[in-house]
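Lifted from TrEMBL, the feature list:
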TRANSMEM  20-40  transmembrane segment
TRANSMEM  61-81  transmembrane segment
TRANSMEM  87-112  transmembrane segment
TRANSMEM  119-140  transmembrane segment
TRANSMEM  160-180  transmembrane segment
TRANSMEM  187-208  transmembrane segment
TRANSMEM  228-245  transmembrane segment
TRANSMEM  252-276  transmembrane segment
């Protein structure tokens, strides 16, 4: 019986290429490091706040706390692993697995920080695991690319150029028309900019990762101007993305920003990858539908985990589908449940 089960598992993974497996391992490692980094940083912030001015009160004593720096280094390692994962596996596999960092953070917070993980939060974690497993088992094979110029050719095809043009047009409209009027009252404005620009940044990160992978394997890609063009796009997009994400986090409740941003960013990244790398051309309709079901399952788990992460056990019947109090990561200042943050000390 055990031999039959083992054979069944081998058959399930027969379709995964070695590159996909490498990308999967790197993505899982990234989620672990990033999820753990939040806990280590929070421990460091608490320790620093006990002997100095807390971060939420404008203090920077955490910069002298070694534990906080351990958390920062852990996060950097996770981001490097995530960067490397895009060089081996398609974005449709790597990007949704980012939800696992939320699970790891929630579980470690429950164990280490004694922050209660509600029953619905456990269900949300389970949904994320099920959805991630579904995507992993049905992810498309990574496209064989032998030069960064091939990636450039894919990026300059009419379909992706049209997508990029629509994205940039939407971003400029949001920045110059909607943000001045609605940025402080409508959460989708800031998140829209972050998600749209983020989809282009991931495509550039993937191109740059492929270039570095080929260079390390002996085929120098640094001599091609396309490599440096992708690098410039990555830097520009990441700076823009982080700028408006910080504005969103400063203006609105983090518990609302995080799941909405994850949904929009992941959806647009998958769309951009499908257009540029033609991931679905190598798959059957059944595989595509299964991947989408897995993606929706991850989204459901992410929303459920965020919406119920601070619920008390006795309030499950009345609070199952609404936001509870939110504990800010760096400041540890409780916020109320309104969508808009009520912070009188925040600069206009």
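Every residue number used here counts from 1 along the chain in the order it is shown.
Just so it is clear, glycine is given a Cβ too, placed from its N, Cα and C backbone atoms.
With pairs at least 6 apart in sequence, the transmembrane segment (252-276) and the transmembrane segment (160-180) have 3 or more Cβ pairs within the 8 Å limit; the two touch. Scored on C-beta pairs under 8 angstroms, the neighbour of the transmembrane segment (20-40) with the top count among 61-81, 87-112, 119-140 is 87-112.
Ranked by the number of CB pairs under 8 Å to the transmembrane segment (252-276), the listed stretches 61-81, 87-112, 228-245 are led by 87-112. For the transmembrane segment (119-140), the partner stretch with the most Cβ pairs below 8 Å, chosen from 61-81, 87-112, 187-208, is 87-112.
Outside the transmembrane segment (61-81) by six or more residues, the chain places 26-27, 29-34, 36-45, 47-49, 51-55, 101 with a CB less than 8 A from a CB of the stretch.
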